[in-house]
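Annotated in Swiss-Prot:
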{"type": "SIGNAL", "residues": "1-26", "note": "signal peptide"}
{"type": "CARBOHYD", "residues": "N37", "note": "N-linked glycosylation site"}
{"type": "CARBOHYD", "residues": "N65", "note": "N-linked glycosylation site"}
{"type": "CARBOHYD", "residues": "N71", "note": "N-linked glycosylation site"}
{"type": "CARBOHYD", "residues": "N240", "note": "N-linked glycosylation site"}
{"type": "CARBOHYD", "residues": "N275", "note": "N-linked glycosylation site"}
{"type": "CARBOHYD", "residues": "N359", "note": "N-linked glycosylation site"}
{"type": "CARBOHYD", "residues": "N502", "note": "N-linked glycosylation site"}
{"type": "CARBOHYD", "residues": "N511", "note": "N-linked glycosylation site"}
{"type": "DOMAIN", "residues": "571-720", "note": "domain '6-Cys'"}
{"type": "CARBOHYD", "residues": "N607", "note": "N-linked glycosylation site"}
{"type": "DISULFID", "residues": "C614-C691", "note": "disulfide bond"}
{"type": "DISULFID", "residues": "C625-C689", "note": "disulfide bond"}
{"type": "CARBOHYD", "residues": "N633", "note": "N-linked glycosylation site"}
{"type": "CARBOHYD", "residues": "N728", "note": "N-linked glycosylation site"}
{"type": "CARBOHYD", "residues": "N765", "note": "N-linked glycosylation site"}
Amino acid sequence: MFAVNLKICIFLSLVSFLLQCKNTLANVTFEQKVQTNLSHDKNGDIVYGHREFKGGIYAFLGYDNCTIEVNKTVNGIDWNEKKDVKVSGNNNIAVVYSIFTSEEKMILIFKCDNKFYITKYGKEFKWSDPKVIDVSNVIGTNTTPAVYSGSLLSMNNDFEKYILVCENHSQNYINVVDQEYMREIRLLGKCMLSFDEGNNWKNEVMNLYSDEGYTKINTLRLSDYGGKILVKGTNAQNLNQTIRSIILLCSNLHDWKLFCGLPTIRFRKDISVENLTYLNTYHLAIVKNEDKLQLAFTYDLFETFDPQYLNTEFNGVSHYFVLAPDEMVYLFYHGNEKKNYVIKIKTVPRKIGCELNTNDTVNKIYTYTYKYIYNNKLSAKTCKVPSSHLKYSSDGLYKLFEVRLPKDIKVTENCFRYSFLSDLNNKYHTTIIKTRVINKLEDYVEVQFHFPIYYTKFLYNYKSTYCVLSNNYRIVVEFDYIRNHIDLDFPFDTDTVKLYSNESVTHAFRNNTEKTHVHKFPKGTYMTSYFSYEKEYVISNYIEEPFSTTFTILTQTQMNVHFMAGGQKYKYEGIDLTDSSPNYELSLNSLSDSQNVDIFVSKFDNNKTIGFVCPVKSSYDGLNCFDNVYIKNKTLVKIEYLFGENDIFVVPQRRIYKTEGTAMESLLYLNNNNVKKLIDDKSIIHFYCECNVNNNVIKVNYYISPFYDENSIKQEINKKDQEITMINKTIPQDEKDILFNNEKVVPLSNEPQEIIQPPIQEKLNTTDPSKAYIYGANIIFIAIISIISLSISSFI
C-alpha cells in the first residue's frame, strides 16, 4: 500500500511540476541587478558586442597607446579573460567605432591618431593584426563616433550584407536662422560601407538624415533592428529644451542618403524611451517614467507597443542589451561611482508567427496575435508579419513562420497568391508562400508557411502579400528591409535627381494616359501599378551607359533625372522574345526561321534561374509560364507536379517597361534542394511555353537536367516515344493533377498539405542564416521525467 501511495505522490508531484513549467514557459523573468568586476579608469564608454560569440560575451574599452582592451565573460559578472588589440608606435587613445558579430567571426573597427583600423577574431580565437582602412571621406577631426554594435546588415534583401563605420555629424541648429532650423531633414551622421567585410569600401558616403525636430545630438549609437538601422541619440537638444534620448528607425535609402524617422512602435506620451532593441523574439526597452528607469517588453510584436513591465527600477547610463547563451538577455549599464552592473533577463523563445486567440489571453507561444487590431467592415482583422523577423530553415534556403488555428478555421485557396499587376484577376496570381500542416491536435492545427529567401531579390520592400482565412481574418507578410526608394513627387531642394540600378521609383500623375507618360528607362526596368494615379518603376539591375530624361511631377514642374551607369547583369537561362532585358543571352534576334526554340539547361552551380520574356500585357493574353506549363499533346500541368515536389517557386509575372509595346517576364527559380533532387532522380524535365510574336506562335522548349549534359539530353529526345524513360518520369498519373483546358490558367490549390513526420529542425530568427537550434526541449524533458518515473516505479 505504501508503494502505491508513493507512486501516486510521485506522479502528482510530476504533474504539478509540469503544469508549473507550462504556466511559466513563455514568461519573461529577470534577476536582480549585480555589480560586475569590469571597470574602466577612463571617461570613455564601454562598448559591448550585441550577442555572445562562441559562448562568451565581449566588452571593448579604449586606452592610451592606441590599445583596445577586449574583456570576456561567460556569466556576465566575472570578466576574467583579457586580450589587447594594439597598434605599436602610437600614444593616442583608441576609440571603438563598430563591432560586427556573426556565427564565424567578430569584426572590430577602431580609430587612433585619425586613422581607422580593422581587425577580426575567428575560430582560432585570436585577433588578426590591425589593418589600416581608407575611410578618409568620412573623417572629421571634431566629430565623435556613431558607434555601431550588431549583426552584418541587410540592404534590399537577405543576400546584400554590409558593414559600416559612422561619424556623428548632427549639426548645432541653436544659433541659426529660423529658415534653416525649419528644414525638413537634418543631418545625423556620415557612414562608409563595405560589402566584403572591410576589404574594400565604397567611394560614396552614406548620409544619415532625420525629419525629427532637434538641434543637436551629442552621442549616437547604432544597432540592427530586424533588418533596419536603429539610431539611439542621447543628450539631445531642441532649441532651449534638453531631450534625454531620441530613438529613430532608418528604412529608406536613396543616392546613399538613409532617411530615419520615429519607429511605428509607440509609447504613452509621458514615457520617454531610453533604449530599444529586438532580441530573441521580443521587443525590449528601457523607459523613463517620472524620473525612474524601468525595463519593459512586449509579447506581441505588432506595430503597437503594449508594454509589460518587469518589477525593477534602476539608475544609470550607457545601457547595452546583449543576447547571451541559454535564452538570456543581459542588460549592462554604467551606474554611479563608475560601477558597472548587469541585469539578467530570461526570454524564452517563441514561435515566429501568428496565434489566433479566441479570448483575451496574452500570446506567449507565438510572436504575433490578432488581439490589438480593430475589426470592422472596412478592415479585416489582420496579423502582420515582417519578413525580416522570420526565421530560417535549417538549410538556410527558406524563411519560415507558423500560424496556430482553431480546428474550424481553414486556409482558403487564395492564400498568399500575389501579382505585381493590380488589374490582374486573382486566379492568375502566383502562390508565393506555400503551406503545410506540421501539428494536428484535437482543438487546433499548426500550419507552417515557407518561401525561399531568394524572393527578397524580387518581391520589393514594403510590398506585402496576404492570406485570407475562412473567417475572413488575414495574415500579411511584408518584405521590409532597408530599401533603395525615391518618390519623384517628394519635395526636393533641387530639380535634378540621380537614379541607380535596382532603385524603386514612385511617380504620381494627374492624368493616367499612356501618351503623356512615356519615358525613357534603362533596358530591363520593371513597372508596377497599385493605384490609378501612381506608377512604380524598379530600375534595371544593370544600366549599360548613363543618360538623362525629364518627368512632369504633380506640381506640373519638370524633374530632371540622370540614370547612372552600373549594376550587375543576372544570368537567366531562357529567351527574351522582346529584346528588353539585359539578363538573357538569347533574344528575338537569335531566332532562325524556325518557330521552335530549344533551351537546354544542363550546366548547374547550386541554383539556377530560368526565364521567359514574351510581348504580351498579362496572363489574359495566354501566357502560361511558369505557374503552369505545357507538355506533350498541349497538356497543361502545374509546375509543382512536373518536378514532383512542392518546393518549386515561381516569381510572379512582371511587366517590363517599354516605350513601344509591352512585355511580360516569368522566372522559375531552382535552389540547392531542387537541384540535388534532380541529380538524385537522374531525370530530365521537359515542358514548353508559347508566345505570340508578330502573329507568329513561337514554341519554346525547356529541357532541364543537372545530371545529363546537353548532348545526352539531345540523344534522349531523339529516341522513339516508347524508349524515352528519363523525361518527366515524376509526373503523377492522377487525372485531377493534369489540366487539358489550354484556354485559361486554372489556379493552384493551396490547401495545406499534411506532413506526417515531425516538424523539421529549425533555426531561431536572426539576420544571419545561422544561429542556435530549437530541439523540442519540452518533449525531451517530458521523456526524461518519464524515464525517471519508470525507474522509480521499477525500484519500488
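Cβ atoms here come from the backbone N, Cα and C positions, even for glycine.
As the structure is a computational prediction, the values presented were derived from the model and not from experiment.
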Inter-residue C-alpha distance, C614 (disulfide bond) and C689 (disulfide bond) (nearest angstrom): 10
Number of Cβ atoms other than its own within 10 Å, given for C691 (disulfide bond): 25
Neighbourhood of N502 (N-linked glycosylation site), C-beta criterion under 8 angstroms, separation at least six: N156, N484, V538, I539, S540, N541, G567
C625 (disulfide bond) versus recorded positions N37, N633, C691, N728 - nearest by Cα: C691
Between N633 (N-linked glycosylation site) and C689 (disulfide bond), the C-alpha gap once rounded to whole angstrom: 13
Using Cα positions only, nearest of the recorded positions to N71 (N-linked glycosylation site) (N37, C689, N728): N37
Site of maximum Cβ density within 10 Å, from disulfide-bonded residues C614, C625, C689: C625
Spatial separation of N728 (N-linked glycosylation site) from C691 (disulfide bond) - C-alpha basis, Å: 23
C689 (disulfide bond) and N65 (N-linked glycosylation site), Cα-Cα, nearest whole angstrom: 69
Glycosylation sites: N65, N71 - member with fewest neighbouring CB atoms within 10 Å: N65
Cα-Cα distance linking C689 (disulfide bond) and N275 (N-linked glycosylation site), given in Å to the nearest integer: 55
Cβ-based isolation winner (fewest other Cβ atoms within 10 Å) among the glycosylation sites N607, N633, N728: N633
N71 (N-linked glycosylation site) - helix vs strand vs coil (DSSP): strand
